[in-house]
Amino acid sequence: MWIGIISLFPEMFKAITDFGVTGRAVKQDLLQIQCWNPRDFTFDKHKTVDDRPYGGGPGMLMMVQPLRDAIHAAKQAAKAEDGVEAKVIYLSPQGRKLDQQGVKTLASNQKLILICGRYEGVDERLIQTEVDEEWSIGDYVLTGGELPAMTLIDAVARFVPGVLGKQASADEDSFATGLLDCPHYTRPEMLDGIPVPEVLMSGHHENIRKWRLEQSLERTWLRRPELLDSLALTDEQRVLLAKIKKQHKIS
């Protein structure tokens with residue numbers, strides 16, 4: 001997968017390219033990341049990248065010309081190798097909220113260009129003419145789009161073939177099935193007087209599967225019950241959920 005990044009602070013993306021699972025994916029050429037800094041497309045000695053908004057008000061906007069030129073350079077680079085164009089994403093609090101289904105959808109693209117805003121944002125006309133989709137990571141405001149872009153990259157990279165040691169790691173994550181993940185345990189068997197659940201020590205794979213499913217359902221019902229509203233539960237899941245609700249009603 002190829003990802004182009006438009007950012008005034010490309011150095012921040014070393015957190016993605018140099019460390020962990022994504023860093024290994026970059027080294028193995030499973031994930032290719034290139035950055036374009038709008039400052040490199042300025043013509044004045046101060047490398048100005050901000051401008052005043054029409055109508056006044058606090059703050060500045062990203063200057064149109066350097067940002068647009070950086071976007072065009074990234075688009076050309078994306079298309080140069082095989083003619084495939086990249087989908088252009090603007091990270092914005094006004095965008096569609098990123099969830100696991102959205103991550104899967106974005107991961108189906110061969111190429112993405114991520115625009116990281118700064119200041120008070122970018123000219124609306126650039127969004128209309130250069131951007132395909134706007135995405136948000138939540139209902140809050142950050143100082144820039146770099147951290148949302150890194151969040152998106154990290155989430156999307158997990159669905160690139162070969163990035164994870166086992167694809168099941170992605171398939172069994174929280175939200176992968178629409179449910180929260182079940183609890184997990186490792187050694188020691190006893191920690192501060194709390195044992196590992198016996199079923200996980202039994203070696204009985206079917207019982208372990210059912211226990212994990214029940215735990216996932218219980219956690220989802222207790223912590224994020226709204227997630228269940230959009231799920232088409234299986235017969236097994238409905239029976240387990242009824243059991244869970246009955247147990248909590250009794251207790």
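Every residue, even glycine, has its Cβ placed from backbone N, Cα and C.
These features come from Swiss-Prot:
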BINDING   GLY117, ILE137, GLY138, ASP139, TYR140, VAL141, LEU142  S-adenosyl-L-methionine binding site
*Taking every protein chain shown into account, which of the binding-site residues GLY117, GLY138, ASP139, VAL141, LEU142 has the largest tally of Cβ atoms within 10 Å of its Cβ?*
GLY117
*Near TYR140 (S-adenosyl-L-methionine binding site), how many other Cβ atoms are within 10 Å of its Cβ?*
7
*Any same-chain residues 6+ apart from ILE137 (S-adenosyl-L-methionine binding site) with CB under 8 Å of its CB? Would you list them in sequence order, or say none?*
LEU91, LYS97, LEU98, LEU147, PRO148, THR151, LEU152
*Listed S-adenosyl-L-methionine-binding residues GLY117, ILE137, GLY138, ASP139, TYR140, VAL141, LEU142 - what's their greatest C-alpha to C-alpha distance in Å?*
16
